[in-house]
Amino acid sequence: MASLKESLWDPVAGFGVTFRTMFRKTFTEQYPFEKKPTAPRFHGRHQLNRWPDGLEKCIGCELCAWACPADAIYVEGADNTEGGRFSPGERYGRVYQINYLRCILCGLCIEACPTRALTMTNEYELADSTRESLIYEKKDLLAPMLPGMQEPPHDMQLGATDKDYYLGLTGAAVPAEGSDAK
Ligand code: SF4
Ligand code: SF4
């Protein structure tokens, strides 16, 4: 048989909790109708960055794929050619995929990237209803074209030398491959 405390006091105490909570500030978020900005360093969707002339920073080295603990990245590199340059170096990432069904947004791939080609944005809305739509291709990850950029393939367009190009020193264009100018 229930004691006097259980039958009388406990229901009163329970309602006391309810009553106190009614006057507390609510923390309900109206997502997705109201979206709050994330912390500045929040790990969201990846981005493949570009140099200021629009060439891609990715050199197709696969270090990000090897660093990934979830095996979420697939990269196939290829050689830049005369008239077919996508990055300033010898190689570029011909195929680049991130599988967001596997990715745990840990950021280890970012740490591994030698050219800062790969960074993470604050975008977190990565849910979808099909497997295919959650495997992001290179076109889904590439940074948008900004003013002054030109869609690759094209020659390196900034800096008098390769070193100037990488240091971001503007000036005459780097001589095109095969030209006599040095
Ligand atoms: S954030 Fe982590 S899990 Fe996602 S692709 Fe990069 S290394 Fe892999
Ligand atoms: S994103 Fe960086 S680490 Fe990954 S293949 Fe490209 S250059 Fe290499």
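Positions of Cβ are set from backbone N, Cα and C atoms, glycine also.
What TrEMBL records for 48-78 (among others) is domain '4Fe-4S ferredoxin-type'. Counting residue by residue with DSSP, the domain '4Fe-4S ferredoxin-type' (48-78) contains 5 helix, 9 strand, 17 coil.
Taken from TrEMBL, the feature [4Fe-4S] cluster 1 binding site covers Cys58, Cys61, Cys64, Cys113. The Cβ of Cys64 ([4Fe-4S] cluster 1 binding site) has 24 neighbouring Cβ atoms from other residues within 10 Å, across all protein chains displayed.
The [4Fe-4S] cluster 2 binding site annotation in TrEMBL covers Cys68, Cys103, Cys106, Cys109.
Residues annotated as domain '4Fe-4S ferredoxin-type' in TrEMBL: 94-123 (among others). The domain '4Fe-4S ferredoxin-type' (94-123) scores a mean pLDDT of 98 in the predicted structure.
Within the set of binding-site residues Cys58, Cys61, Cys64, Cys113, the entry lying nearest in space to Cys103 ([4Fe-4S] cluster 2 binding site) is Cys64 (CA atoms). For the pair Cys106 ([4Fe-4S] cluster 2 binding site) and Cys64 ([4Fe-4S] cluster 1 binding site), the Cα-Cα distance reads 12 Å. The most densely surrounded of the binding-site residues Cys58, Cys109 is Cys58 (count of other Cβ atoms within 10 A of its Cβ).
Less than 6 Å separates the Cβ from ligand 2 in the case of none of the binding-site residues Cys68, Cys103, Cys106. Remark: Cys113 ([4Fe-4S] cluster 1 binding site) has Leu63, Cys64 as non-local neighbours, by Cβ distance under 8 Å and separation of at least 6 in sequence.
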